[in-house]
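One structure is given below, encoded as structure tokens.
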Amino acid sequence: MNVLVINSGSSSLKYQLYDMKIESVLAKGRVERIGMETSILSHEAEGKPETREVSEILDHTTAIKKVLDMLTHREFGVLRTIEEVDAVGHRIVHGGESFRESVLVTEDVKLEIRRLFDLAPLHNPAHMMGITAVERNLPEVPQAVVFDTAFHQTMPPVSFMYAIPMVFYKKHKVRRYGFHGTSVDYVSRCASDFLGRPLSELKLVVCHIGNGASCTAVLHGKSHDTSMGMTPLEGLMMGTRSGDLDPAIVTFAINKEDLTLNEVNSMLNKHSGLLAVSGVSGDVREVVEAMNNGSENAKLAFEMYANRIRKYIGAYAASMNGIDALVFTAGVGENSALLRSEVCKGLTFLGLALDDKRNEERSDQARSISTADSRVDVLVVPTNEELLIARDTYRLVRETPHT
Ligand code: AMP
């Protein structure tokens, strides 16, 4: 069965085509600048030359049509006809409290995703455009939706409630939802396989440190607590996001600097984090380079960034009454030995000991970077959200008799 995985944004769309028999990626690519005259489709497939096409793609329906044309292209494609796309899986950022797991797309499911637009105004409407675009191009093909929030729906109220008047939860569903759930679910299972121990026995802290960053306490295979909140702004310091701060700073900034609500929102999401403190960049690589060249602000930014991760690991070790393994994943977590070492430096009180040599080694496989006698395993596990979306889609389509 061939499963097409789609991550649809408001002006871009990423795709991967999986052959589920062997779980391999047949082709992948992205469409950028949807809605413009100079949209770009970049495409690569196993054993074929990479290609890049500039054309007018005014909407998502045309974008999907272009992707399907490319997948069946004589020179660059991997399919003979579009009938060889058996199912489509979509990444959806917000599933609210309604979706605790992945589901096939039905009229009711679409209605519910629309109801959740308020909670993810930048993301969910763009995902819906992707679903509609696939319906128009492939009306007979079953579609599934996989939610970033679903994995965290196991959190107990003690983790997900905010200490504000109950009316905000009851009337507006203000609570912690958490994000990166698909990634955390995937790497937790990989960690369990790697350690040869069932998830039901493990206490893990998963640090998904990429452009967005979060820590999750995974207790016996289930999300127990996570650092992102009602939105992906809470928790760790990120490239351009502030993460945790005293909420009183918001009203203070509005009063003192005469900022509008939109300006404060933009300040906290786009002009804070590593970028604001270092004054250099929101990219860890550039911050480290500036730090090595003597920038005190870059050094402070990097240390704050690592310290925030360390504090969350400590907090989650306390809330689970212990930790068996610490797992690093995503762009920074998988690639920055310096960040991992900086974070682990202050965790020796947990009996955690990093093996400096193993930490420096590179691999695209799950691996341990702790010493043989460390009481806590430290792992680096490459994440693969697309594969998990493909697997869930494949399972749902096979389980449903009429498809
Ligand atoms: P992701 O959101 O998981 O795709 O992660 C993307 C981010 O990973 C980029 O913005 C970079 O900041 C970061 N990254 C990638 N490679 C490295 C590296 N070698 N060292 C530090 N950060 C990296």
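Keep in mind that glycine also has a Cβ here, set from the backbone N, Cα and C atoms.
Database features, via TrEMBL:
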- Asn7, Glu385: Mg(2+) binding site (BINDING)
- Lys14, His208, Ile209, Gly210, Asn211, Gly212, Asp283, Val284, Arg285, Gly331, Val332, Gly333, Glu334, Asn335: ATP binding site (BINDING)
- Arg91: substrate binding site (BINDING)
- Asp148: active site, proton donor/acceptor (ACT_SITE)
- His180: site 'Transition state stabilizer' (SITE)
- Arg241: site 'Transition state stabilizer' (SITE)
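Proximity of the recorded positions (Asn7, Lys14, Asp148, Asn211, Glu385) to ligand 1: a Cβ under 6 Å from the molecule is found for Asn211.
In this structure, the C-alpha atom of Lys14 (ATP binding site) lies 5 angstrom from that of Asn7 (Mg(2+) binding site). Within the same chain, residues at least six positions away from Asn211 (ATP binding site) with a Cβ under 8 Å of its Cβ are Met238, Gly239, Gly331. Cβ neighbour count for Arg285 (ATP binding site) (all protein chains, 10 Å cutoff from its Cβ): 12. Counting only same-chain residues six or more apart in sequence, the Cβ atoms lying under 8 angstroms from the Cβ of Asp148 (active site, proton donor/acceptor) belong to Arg91, Ile92, Val93, His94, Gly95, Phe179, His180, Gly181, Thr182.
When Cβ neighbours within 10 Å are tallied across all protein chains shown, the highest count among the binding-site residues Ile209, Val332 belongs to Ile209. For the pair Ile209 (ATP binding site) and Arg241 (site 'Transition state stabilizer'), the Cα-Cα distance reads 13 Å.
Look at Asn211 (ATP binding site): DSSP puts it in coil. With a cut-off of 8 Å between CB atoms and residues at least 6 apart in sequence, the same chain places Arg91, Thr182, Ser183, Tyr186 near Glu385 (Mg(2+) binding site), listed in sequence order. Each of the recorded positions Lys14, Arg91, His180, Arg241 was scored by the number of other CB atoms within 10 Å of its CB, and the largest score is that of His180. Calculated from their C-alpha atoms, the gap between Arg285 (ATP binding site) and Arg241 (site 'Transition state stabilizer') amounts to 17 Å.
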